[in-house]
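Colleague: A single structure is presented below for examination.
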Amino acid sequence: MFNNSIHKVSICIALTLTFSANAMAVTEIPFWHSMEGELGKEVDSIADRFNQSQPDYKIVPVYKGNYEQSLAAGIAAFRSGKAPAILQVYEVGTATMMASKAIKPVYQVFKDANIDFDESVFVPTVAGYYTDSKTGRLLSQPFNSSTPVLYYNKEAFKKAGLDPEQPPKTWQELAADTAKLRAAGSSCGYASGWQGWIQIENFSAWHGQPIASRNNGFDGTDAVLEFNKPLQIKHIQLLSDMNKKGDFTYFGRKDESTSKFYNGDCAITTASSGSLASIRHYAKFNFGVGMMPYDADAKNAPQNAIIGGASLWVMDGKDKETYKGVAEFLQYLVKPEIAAEWHQKTGYLPITTAAYELTKQQGFYEQNPGADVATRQMLNKPPLPYTKGLRLGNMPQIRTVVDEELEAVWTGKKTPQAALDNSVKRGDVLLRRFEQANK
């Protein structure tokens, strides 16, 4: 009996050691991101399902603040030897990441892990933003790509005598509609999130105008800014005039206007297509989604939208097993059913052709009118060399400059021309600084 007890104890110890060894064998992969609220919940859900699908790797999502904060945290962590394996970085951080010497290109990650990966699965206009201009190879993996869209309150439109199925197509129509909406009781006619991205960068591309020389920086770091031209000045003047009348309200530099919209304060907002998840969740009224307005007097408009959002960068300095786990997770993200679900639940673009086709086959766009607006904007016309995106060094800082100058317009301290001229002047100083640092 005594021997039998010893035998049972030995079995228990052996099983405990086995389970402990298995637990220790799991490779944890930190994934720093900037998805909060409903978006963060979906990131957690995807990570959990990947973790349950295999026994070797555990993705650990960690929210690290907004895009600017997470980029700064990621670079600082790399310098101290404590970087995550995966870092989500917004699109204007691309040039910074390329020059940082802190990354391992995605194509190299897959190659080293001996995992086949077809880069052609991505929608070309999305992948093109994150590829090496010289080799055409993918440096980071597209994840949450977006374009700006127009959200409008159908009930407010109906109350103002406007057609709730017809959002404004031009900026001139939007200006007229907001006046009617305000007269009908809306405290805020129009507001915009991400003013630099929407009112300067995407406005320029949507009208076939370059943001900078050298094809918006794709052809070299010696680019200069060019968004202080008559069409852009005219547009900011229109917004300034609306602001003085009380028809356009400025709430902040990021996506503050989104909550003002879904709370019912603002009748119209332009915001990221990725805001759709929050608007769906919180809005207690019928709303619609329309394309970005264009200037009625501009020739050949609209052209195409350029993407925002972010991609996933793999940080350098990790071990072989970590990189294999990273490769498997990135491969998991582009499975048609996973990529399609992410697109459908969040409002971000379908990043692969297969995800787009699957979404159509499932009847999602028919059941959710407006859900395909972001995609249609991106594919509206074949992109010109200077409307496929932008790759400018110190772009996060340039956006801050643009924000400061536009805020001077909204407060009446500067004219649109003076603000855009100074934005270009100050921005070019930042471009030259980046160019010198990366020669």
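From the backbone N, Cα and C atoms, a Cβ is placed for every residue, glycine too.
From Swiss-Prot, here are the annotated features:
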- 1-25: signal peptide (SIGNAL)
- TYR67, GLU91, SER146, SER272, GLY309, TYR348, ARG399: sn-glycerol 3-phosphate binding site (BINDING)
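Just tell me what is around each of these and how deep it sits.
Modeller: Other Cβ atoms within 10 Å of the Cβ of SER146 (sn-glycerol 3-phosphate binding site) number 25 in total over all chains.
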Colleague: Just how many other Cβ atoms lie inside 10 Å of the Cβ on SER272 (sn-glycerol 3-phosphate binding site)?
Modeller: 24
Colleague: By a simple count of other Cβ atoms within 10 Å, which of TYR67, TYR348, the binding-site residues in the record, is least packed?
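Modeller: Output over binding-site residues TYR67, TYR348: least Cβ neighbours within 10 Å is TYR67.
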Colleague: Tally every other Cβ atom lying within 10 Å of the Cβ atom of GLY309 (sn-glycerol 3-phosphate binding site).
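Modeller: Summing over all protein chains shown, GLY309 (sn-glycerol 3-phosphate binding site) has 24 other Cβ atoms within 10 Å.
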Colleague: Tally every other Cβ atom lying within 10 Å of the Cβ atom of ARG399 (sn-glycerol 3-phosphate binding site).
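Modeller: A count of 23.
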Colleague: What same-chain residues, at least 6 away in sequence, bring their CB to under 8 Å of the CB of GLU91 (sn-glycerol 3-phosphate binding site)?
Modeller: TYR129, SER145, ILE307, GLY308, GLY309, ALA310, SER311, GLY389
Colleague: Max Cα-Cα distance in Å among TYR67, GLU91, SER146, SER272, GLY309, TYR348, ARG399, the residues listed as binding sn-glycerol 3-phosphate?
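Modeller: Taking every pair of listed residues, the largest Cα separation comes to 22 Å.
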